[in-house]
């Protein structure tokens, strides 16, 4: 993908360097079919994505491309349809592994593209593999819970299910004027049958591991008790980690790890997805660490010798040092936010 060159390779290589694949069952992904993608996306958008994916002279399609969001953060480029269908196919297959009980936990670190819209690309996301994965799970599981740990609001997923009482979405993210996508306030709760089934945890800059994981895990336990999900999907975007170009939070992988530990303790079918993360070394550290969390393994802190070792300098360790920017989330504001979320959840019939 243009915006994250080499990231997928770095993630895979680090997981392999720690010899974790021997403890996993790896499934070769099959691209999602056009019919699969049409279960959420509009045909005209997909047809244009197919067409432009096969062109060399893409500039002559600029005007039409902009109508489908294919500019700026989602540039059209050769092969984009094949890329999107492969990522989405992997997420759908991961969901199928949970459905047919060949796995209790399934992982696709290269999925999690939560901004994709029904009829357009958005925020680096050409298709929305998350929505399509949830729709697949809904073929077997009546109630599916979605948790989004990315620094950006999971707007594409929330929008897709905002009128449903069968999919409850939880998104914890930075919420500030001018910060993409600009949605996800605590008052955004869904509509119709889905009113109060959209849960937003909007945060300000600078939150730290302990405060982040404590708030999120408290909310998740209340959501579990109120909604009683039969399957869970968690998007583990790593762009809230310190060192990310977004520069929003002071987090380390431990914060996401505690959230994943909580979900694992529920012992329900769990699909883990990737997402944002633009400091490639820290993103690889995070997802290797979360893979080990799932496996119940503690990884040595020294990064093993492998082809990307030099990317982890100067200390060459798995540890991500917490950031030290000021925390604009006060105890009072966090408690007020939690109280409002509890009230919203109490309205679920």
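Numbering starts at 1 and runs along the chain as displayed.
Cβ from N, Cα, C; glycine included.
Listed in TrEMBL:
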ACT_SITE  115  active site, proton acceptor
BINDING   73, 123, 278  substrate binding site
BINDING   150, 152, 239  divalent metal cation binding site
DOMAIN    5-293  domain 'Histone deacetylase'
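Take the Cα of residue 115 (active site, proton acceptor) and measure to each of the binding-site residues 73, 123, 150, 152, 278: the nearest one is 123. For the domain 'Histone deacetylase' (5-293), the model's pLDDT averages out at 97. In this view, the densest Cβ surroundings among the binding-site residues 73, 239 belong to 239, judged by other Cβ atoms lying within 10 Å.
Cβ neighbour count for residue 115 (active site, proton acceptor): 28 (other Cβ atoms within 10 Å of its Cβ, all protein chains included). Counting other Cβ atoms within 10 Å of each Cβ, the binding-site residues 150, 152, 278 show the lowest value at 278.
Within 10 Å of the C-beta atom of residue 123 (substrate binding site) sit 22 other C-beta atoms, taking all shown protein chains into account. Only 278, from the binding-site residues 73, 123, 278, place their Cα within 10 Å of the Cα belonging to residue 239 (divalent metal cation binding site). Residue 123 (substrate binding site) sits 12 Å from residue 150 (divalent metal cation binding site), taking the CA atoms of both as reference points. In this structure, the CA atom of residue 150 (divalent metal cation binding site) is 12 Å away from the CA atom of residue 278 (substrate binding site). Across the structure, residue 73 (substrate binding site) and residue 152 (divalent metal cation binding site) place their CA atoms 14 angstrom apart. Spacing of residue 152 (divalent metal cation binding site) relative to residue 278 (substrate binding site) is 13 Å (Cα to Cα, whole number).
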